[in-house]
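> Here it is, the structure, as structure tokens.
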């Protein structure tokens, strides 16, 4: 039996330790890549070639973030945020919870039919969702503290992530679904992508219920904060 | 042979990065921070003709420049004064145009051939679609706003500057995944799980698989890196072979457990850290803190669901 080389596992440890001690993540990645390759008995030119080809192969990830920036930048210059806020302010009885639950639902639904690009942190959350949340919160609760606004914006970003992750996995032509079936095929296990996609549904439903409930509680929390703030201002007047 | 290649979009991306590099050099000629953006741009513009070793050296230099903390936002923006205040909702059209054009390319234009040559590379149809979506949306934006592509490049440079070096993190993590795979990290983890953990009961097997996916994803920041490791280590030998589980259920729920891990880790920088920077949150881990309870609940739900589905 062939012995298994366990040394490359130190590379995984380096990444974990790096972020535990809040080292610069780029440096952690570099050290981890080098230690892993050294542990696998690779020479220095081989290590550099591995890093270089790995970076060139994965350029599509950066391209997906950088190219839309030109359009987003131009839209922001031409008052995209202001228009988004004006649009949302027309819906007087929209609450932060209702907005976020609606966004989560739409994000999950669109991602599950292959429309992953309908949302996005840079495309949707920063230019549209975050200003909308801010507008509603300010309108309903005067003098809302900065930290509470930050919390609400973080919730907006979280809705985008959760909706995307647990929506696109139901889409049959999604990369992850293809990756899973291809990988199983190499082990002689044949699975139809449509079945893998189908079994993503139970978890997707559970996460929508669980997270929508947490978002529903958010309005209650905001009301509580607002009452505390009112009391404080009353005391100031006395 | 194809007419529209991914390389064209990499080239444009490179130009956007180059504009930012020039801007940083201009604001402070002695700053080596500009070198970070210059190398990043070069890897996009001439990446394909560079030998792998040279590309590797450039990546290492780029990481070191960012690592010593000299890549900082210069923040000099003149946009605020130039801002035009629009009063109609046409401003939203370019944002909606990106996905619509992308879909049009994926479903309508995918099979189009011009004198026997494919218009798109079928392998990269989605990426090419998004690229074209961005280009046409940019043209549309220039028409609607009566602005110029040059200004768009300056605007993207303003955003790049604000995001700063974390923008390269997703790509570096994917690169690390490739390094892990070619160095046998997966084989080693599979060996450890089988040697030290008791997987003779269905429930423990399920729990190790689900939590293993999440923990490994938390460590490496990417469920795609964790999946082959846990699937070959626990999923196939234990759940599929010993307990005759439906591979489709095991695969799907495993990947989703990995996604729970993604919600909880700063290593998934593009989802958890970059947005915090984009939203200018003072606490860069706030998004993770908000996602943590949901991720934890769903992990427990997944253990139960997977156990029950396999038991039936």
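Glycine is treated like the rest: Cβ placed from N, Cα and C.
Not my notes, these are from TrEMBL:
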TRANSMEM  B:6-25  transmembrane segment
TRANSMEM  B:32-47  transmembrane segment
TRANSMEM  B:53-71  transmembrane segment
TRANSMEM  B:91-109  transmembrane segment
TRANSMEM  B:124-146  transmembrane segment
TRANSMEM  B:167-193  transmembrane segment
TRANSMEM  B:199-227  transmembrane segment
TRANSMEM  B:288-310  transmembrane segment
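Can you tell me where each of these features sits in this structure?
Beyond the ends of the transmembrane segment (B:91-109), by six or more residues, the same chain brings 119-120, 125-126, 128-130, 132-134, 136-138, 140-141, 144-145 to within a C-beta distance below 8 angstroms of the stretch.
Remote same-chain partners of the transmembrane segment (B:288-310), defined as residues 6 or more beyond its termini with a Cβ less than 8 Å from a stretch Cβ, comprise 202-203, 206-207, 209-211, 214, 239, 243, 245-246, 249-250, 253, 256-257, 260-261, 263-266, 272.
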> Under 8 Å between C-beta atoms and at least six residues away from its ends: which parts of the chain pack against the transmembrane segment (B:32-47)?
10-11, 13-15, 17-18, 20-22, 24-25, 55, 58-59, 61-62, 65-66, 70-72, 160, 165, 168
> Same chain, outside the transmembrane segment (B:6-25) by at least 6, Cβ under 8 Å from its Cβ: which residues?
31, 33-35, 37-38, 40-45, 47-48, 74, 121, 124, 127-128, 131, 134-135, 153-154, 156-157, 160-161
> By a Cβ-Cβ criterion of under 8 Å, what residues six or more beyond either terminus of the transmembrane segment (B:199-227) are in contact with it?
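Contacts with the transmembrane segment (B:199-227): 173-174, 176-177, 180-181, 189, 193, 233-235, 238-239, 242-243, 250, 253-255, 257-262, 264-269, 295, 299, 302-303, 306-307, 310-311.
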